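Student: These came from TrEMBL, pasted as-is:
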BINDING   GLY43, ALA45, VAL46, ASN50, SER294, ASN326, LEU391, ASP394, SER395  Na(+) binding site
DISULFID  CYS150-CYS158  disulfide bond
REGION    1-29  region 'Disordered'
TRANSMEM  37-54  transmembrane segment
TRANSMEM  66-84  transmembrane segment
TRANSMEM  105-136  transmembrane segment
TRANSMEM  207-227  transmembrane segment
TRANSMEM  236-253  transmembrane segment
TRANSMEM  287-308  transmembrane segment
TRANSMEM  320-341  transmembrane segment
TRANSMEM  379-400  transmembrane segment
TRANSMEM  421-446  transmembrane segment
TRANSMEM  452-474  transmembrane segment
TRANSMEM  495-518  transmembrane segment
TRANSMEM  530-555  transmembrane segment
Amino acid sequence: TKKKKESDNNGSNKQDSHVGQEDENTDRGNWSSKREYMLSMIGYAVGLGNVWRFPYLAYKHGGGAFLIPYTIMLAVAGLPLFFMESSFGQFCSQGPINVWKAVPILQGVGITMMLVSTFVAIYYNVIIAYSIYYLFASFQYPLPWSAKDCNSTGLLDCFFSKEAHALNVTENQTCQNGSTAGQSPSEKYWDEVALQRTSSMNETGPVVWHLALCLLLAWILVGAALFKGIKSSGKVVYFTATFPYVVLFILLIRGVTLEGAKDGIEFYIGSKSNLTKLADSEVWKDAATQIFFSLSVAWGGLMALSSYNKFYNNSYQDSIIVCITNCGTSVFAGFAIFSILGHMAHVYQRPVSEVADAGFGLAFIAYPDALSKLPISPLWSILFFVMLITLGLDSQFAGIEVIATCLQDAYPKLLKSKRGIVTTAVCTVLFLLGLPCVTGAGIYWVNLIDTFCAGWILLVAGLLEVLGLSILYGGNRFIKDIEMMIGSKSALFWLWWRACWFLITPVIILVWSLYTFTSPTYGSVVYPDWGISLGWCMTAFCLIWIPILAVWKVYKASGGPWQRIKAACSPTEDWGPYLECHRGERYGTRGATDPNVISNKFTTRL
């Protein structure tokens, strides 16, 4: 039977493009190399937030002083969760739903993670579409969001190129430091040309076709990269994960040579650092928020990507490398961003504080405006938006991988050899669902989904995850599982991780979640009541599966009430390493019915 199984496996290798001849796991496949896995993890963790949010937060909260709470939050919240998730997925070689065979009563947490990844994938590709549109618009001189210089009489003799004639900017408007009617040219271009934004969410407006086509192109890029699963995406990340660093380095070199760059860096992290800011609770909350979302914990992507690792991969070492790289990238990006913003402040003769911004304001208004002031401005603009596209695609790859992995784990026999079809179907459905985000009110939808689906839900999922593994499953048992993969470690080594998993990390998430949610707004535009209600419906739809699955698992168990609950909190019989050769004495043969073997599997629980 062993020879027959090997023959079957060899046959499946020939049929399934997602499985290679040298893969350890002939059912699910493995990464072609450790390098591809690391680049994918770094690409997933390093995203748009590293470029458009961290530098602004550092400036806002005391410059260099912000690195203190940022580093502390990395140590006590980000890294422990990252290590836990990547080890969890690697140990059982399953995605974020099936990993909860370890604690069946919490399987709804996996569904929540998959749904969050689905909602986020819808709007995240819209942001990539914005970047694609700006990339195409950058292939002209002058850049369409830049105004011509004012003449000596103070009259604004400017226009916005062919596309921007729709703005109806007259030649007799007064030029005030490059702004018209209270808006800079780049802000008017963003609102009225790129977005064709309506006045509120109540006014949907037509589909903005240039954005819809860019969104289609974004989904084609994602679908093509993931068509063969990690075998194809692992090759793409050689470019998408490394190119942003090339661009950041080029922008930094160019930025520091500009007049006013020193002022920008001083505002970012120099002598303007204010240690008194550390007494402000908001600083610590923003540091925790940035760490949590920057590392992409509790999204399911870390489990999905690590599930394709070989069993004896050193997940601890990988976690340290990825987390340090992610945080180092944030700091490095800040120097590149603020050196050029400092130059823009010098050109406008304004304080840096008036040109610094976060989110969309930095990526599509402030920075394009700054780039338009540089010599050969189209070149720098092209580089910047290619960087944004590659940063976004890396994170998007992992989000779609979560969905595809969960589907394949749920229906392995049906979907095993249909990876390309699954990926194409997922991308097509999500493209259609994303069309409301490219209407005149699209930016309001993007902001709504981001607020209600990529915020508080993740805190709930992360809290249940760390409590479930450290208490219900057993922290000591989980540590022994990790040691099966990375080798035995001393009690002193595990002291810090035990402290974090059992106490520090859950407390931080619990306290932090009470101060995180804020009602969404876009600039001065307030959301209608029906929009807020819809947002809460999305939140409820993602979270409702946690109690539903918990009740269902208890109901399906046998025995009295206490026995049912106990059974729903205990690992299933087939829980453990995916391959029989890795299960060892602790887990025995998968699906064994010998009571001695089964009882053996639970002796190491806490």
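Cβ coordinates are placed from backbone N, Cα and C, and glycine is handled just like the others.
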Student: The transmembrane segment (37-54): which same-chain residues, six or more beyond its ends, come within Cβ distance under 8 Å?
Tutor: 31, 86, 127, 230, 233-234, 237-238, 240-242, 244, 290, 293-296, 301-302, 305-306, 308-309, 313, 318, 321-323, 325-326, 329-331, 333-334, 337, 358-360, 362-363, 387-388, 391-392, 394-395, 397-398
Student: At least three Cβ pairs under 8 Å linking the transmembrane segment (207-227) and the transmembrane segment (379-400), pairs spaced 6 or more in sequence?
Tutor: yes
Student: Checking distant contacts: for the transmembrane segment (320-341), what same-chain residues at least six beyond its ends satisfy Cβ-Cβ under 8 A?
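Tutor: Residues 38, 41-42, 45-46, 50-51, 54-55, 58-59, 67, 70-71, 74, 78-79, 82, 245, 248-249, 251-252, 254-256, 258, 261, 264-265, 267-269, 290-291, 294-295, 352, 355-356, 362, 366-367, 370-371, 374 contact the transmembrane segment (320-341) from elsewhere in the chain.
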Student: Of the stretches 66-84, 236-253, 421-446, 495-518, which racks up the most C-beta pairs under 8 Å with the transmembrane segment (379-400)?
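Tutor: Looking only at 66-84, 236-253, 421-446, 495-518, the most contacts with the transmembrane segment (379-400) come from 236-253.
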Student: Cβ under 8 Å, sequence separation of at least 6 from the ends of the transmembrane segment (66-84): give me the contacting residues as numbers and ranges.
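Tutor: Sequence-distant neighbours of the transmembrane segment (66-84): 57-58, 60, 269, 277-278, 283-284, 287-288, 290-292, 294-295, 297-298, 302, 315-316, 319-320, 322-323, 327, 331, 462, 465-466, 469, 478, 497, 500-501, 504-505, 508-509.
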Student: Taking contact to mean three or more C-beta pairs under 8 angstroms, with sequence separation of 6 or more, is the transmembrane segment (530-555) in contact with the transmembrane segment (452-474)?
Tutor: yes
Student: Applying a 10 Å Cβ distance cut-off over all chains shown, what neighbour count does LEU391 (Na(+) binding site) have?
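Tutor: The Cβ of LEU391 (Na(+) binding site) has 29 Cβ neighbours within 10 Å.
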Student: Neighbours of the Na(+) site GLY43, ALA45, VAL46, ASN50, SER294, ASN326, LEU391, ASP394, SER395: Cβ within 8 Å of the Cβ centroid, same chain, sequence order.
Tutor: ILE42, TYR44, GLY47, LEU48, GLY49, SER296, THR329
Student: Validating a neighbour-count step here. Other CB atoms within 10 A of the CB of GLY43 (Na(+) binding site): how many?
Tutor: 28
